[in-house]
Structures are given as C-alpha cells and as structure tokens.
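Student: Pulled these from TrEMBL:
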type	residues	note
ACT_SITE	Lys36	active site, proton acceptor
ACT_SITE	Tyr260	active site, proton acceptor
BINDING	Arg130, Met308	substrate binding site
DOMAIN	239-399	domain 'Alanine racemase C-terminal'
MOD_RES	Lys36	N6-(pyridoxal phosphate)lysine
Amino acid sequence: MYRPLFAVIDLAHLSHNIRYLKSRLRSGASLMVAVKADAYGHGVRAVVERLVREGVHHVAVASLEEALEIRAFHRDVNILVLGAVTPDACAKAAEAEIEIALTDLSPVEEIPRLPKRLRVHLPLDTGMNRLGVKRTDEAVALARAIAAREDLELVGAGTHLAAADADDPAHAAGQMERLGEFVRALEEAGLRPPRIHAGNSAALLRNPAWHLDMVRVGIAAYGYSPDPSVLPVHSLRPVMSLYAGVLRVARAQPGETVGYGATFTVTRPMTIATVAGGYADGYPRQLSNQGEVLVRGELRPVIGRVCMDQLMADVTGLDVATGDIAALFGYDAPSAWRTGWWSRLRPEERRVRVQESYRMASNVEERRVLSLHRLAARAQTIPYEILCRVHRRVPRVVCD
C-alpha cells in the first residue's frame, strides 16, 4: 500500500448485522444475502466466508460469472443467479451446482439436455415490470415444462418488491397479493416449489408477513437500512469505511478560489486540507461543494469541485496536519492514525498495521460516523451506488 487511501471492511460489523437481521426474521424463514457487484464493493470472498461462518447458507448474485467466482473458493454455499443465464450456459451452471432464475432469455425448450440436474427458480412479475412471467397460467405452464424434464428441478419461485421501503405500503401489499395468486395456482397444479421468496431488506425490517420461506437481503447486511426511519439508532453498523490521507494543509485568503472551475470563493481566512480521494475512487463528483469529510472527530465541508484523485475540505480552526487520516464515509479514523502515522510505516507493513490499530481502538462503535445516507441524499443517489462504485484501485483492508 503506497497511496494513503484505503477502505476498511469490518467483518465484526457484518456479523453484527447478520445476527440482528436473523433476530428480525420470521420463524421458519431463511436468509439469503445478495453478494453481487463484489458484495456491494466490499470484497466477495471475505464477505461470503463470513456469511457462511454466521450460518447463512444462501447467497445471490447477478451473473453466472459472479457465481463461478464464488464457487471457485466455496463448494458448499448455495448460489442463486438472479440475472439472465442463457441456455448455452446452463450446463456450466449445473456442473457447478449453481441455481438460476429462468428469465425470458432462458426458456425451457431452448435449454439443451444437461448431464447434471440444474436447480431453477421461477421469477414472477407482480408489479415491477423487470423480469419474470406476468400471468398465472404462464407460471403454471413453465413449472410444468420444468417438471417434465429430469435434468431440471424447480426449487423456488419469487418476486421482487419494488416499493417495500415506501411510506405507503399499498404497492408492496398489492404485489404480495398478486404473488399469493401465483402461489395458489402453482399449489393447485401440484407444482409449488419449496422456497417462495419476495422480501428484501425493507420487507424484512417492516413486515414479517412478507418474509415467506426466504428473505433476500442486500443493503442491510452491509450496515444500511433502505429506510433509516424504521430502525433504532445503531441497529445496523456500516461494514465499509473509506479513509484518505491529508496531503497538504494550506492557508487561503479572501478572494482566492478553490478547485476546477473556480466554483468556490474564499470569503474569510481559511485553512484548506487537500485529501487523497476523488471521483475515480468512488467519491461522487456530485458532492462538489456539497459533501463532508470526518477528520479528528469533526465534520468538515468539501469545498470546490471533487477532482479525479483529490478533494479539498475547509478545516479552519481544527488541528489538522499533513499525514492525518480523514474518513470520506464511515467511522472516524482511530486517534493513532494522526500526524505522520502513514509515512512512518513501510509500504509492505501498512495493511497489517491498519488491521492491528483499527481493532486496538476498542471504541470503534462509539466513534462518530459519517453516514452514507447523509452523503447519498446530498448527491441525489443511494448508499448502494456509492458502495458499489468504490473503485478497485482502493485497497480493501479486512479487519475483524
């Protein structure tokens, strides 16, 4: 590690979140965790291994490529591909014991005879208009076609709730009612699969009636509620914190400008910190003159446009020095990560020292947090997007 920019992945917080979500789960329902997009940017291997350790036996991804990556390091976890798997790839999925959703791109009649049985799920479109069959007769016909083949096994059917996090539950309730019609039609035909699933993070937290046989959670596992108003403070803990070093601290006088386009004009004597993180690293450019950084326990505003590799913050009146570590989001940096700490370490030892000092700071959960909900609202986006866009050039340091 050379550049003073890294993301801490706190597996203890992942464990905390999973245990909390399980405590909210209806009796008899199981938990599936979405680990697509490299586990929402957290690093899929570390996340899956911790999920299995916490008793999570089902994970979901978006593509067969993502599923095969997981299967290469874990033979036992159940993997469901939620996105399209084309007929010519079904043999590969079956060979790797990966479950797939039969979308419009993979009709049963086009799947070649498979040397090994393929477990499939039936996606049901109850109101999102994205993927899946829309009519009950189509669902029954597809289930019959699956049952007629010895090389296919129908193990699940599900839908996706488009507005489970909305203030008005009417849309989600309508989707659940429509799902019930699908399930009754499958039951009457003797074709009901063992796992019916619809719930996402919002559904798990809001309504046990929506849990059914299995709940597919995503963002909540990583420490964020899709609607923070439905959770008590600290029920979920952010798993990722993004840290960047202060590269320069300089004084600026009234009339000077900051950054590209000169969009910020200094109106009083000001101390400006240049921080080693920019939009190429995943910090949204939309936070130009809108964002904040957390340094030495205080929130300080981002001034000027966010650059590709740096941003500037107003740290006037704060004892900030070159070499301090600021949080771009997540928990405030431990006090050990202050003036000159990074530069005193050899590049080859920095990862280990981050891990050691992060956990030695026993009050991690008590430190101030710069929430992604706060930043995402200002950037007119959602925490999911910011997490997924933390670039691969940012080292992930796994801590426990």
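Here the Cβ of each residue, glycine as well, is placed from N, Cα and C on the backbone.
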Student: Hey, how far is Lys36 (active site, proton acceptor) from Tyr260 (active site, proton acceptor), Cα to Cα, in Å?
Tutor: 35
Student: Compute the C-alpha separation of Arg130 (substrate binding site) from Tyr260 (active site, proton acceptor), stating it in Å without decimals.
Tutor: 40
Student: Pop the Cα-Cα gap between Tyr260 (active site, proton acceptor) and Met308 (substrate binding site) into the table, whole Å please.
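Tutor: That separation, Cα to Cα, works out to 11 Å.
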Student: Output the one of Lys36, Arg130 that, of all these recorded positions, has the highest number of other Cβ atoms within 10 Å of its Cβ.
Tutor: Lys36
Student: Please list residues from the chain of Tyr260 (active site, proton acceptor) whose Cβ is under 8 angstroms from its Cβ, counting only those at least six apart in sequence.
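Tutor: In sequence order, the residues whose Cβ lies under 8 Å from that of Tyr260 (active site, proton acceptor) (at least 6 apart) are Gly304, Arg305, Cys307.
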Student: What's the number of neighbouring CB atoms sitting within 10 A of the CB on Met308 (substrate binding site)?
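Tutor: By my count, 11.
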Student: I'm checking region-level scores; what's the whole-number mean pLDDT for the domain 'Alanine racemase C-terminal' (239-399)?
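Tutor: Taking every residue in the domain 'Alanine racemase C-terminal' (239-399) and averaging pLDDT yields 94.
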Student: So, in DSSP terms, is Met308 (substrate binding site) helix, strand, or coil?
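Tutor: Met308 (substrate binding site) sits in coil per DSSP, no helix or strand.
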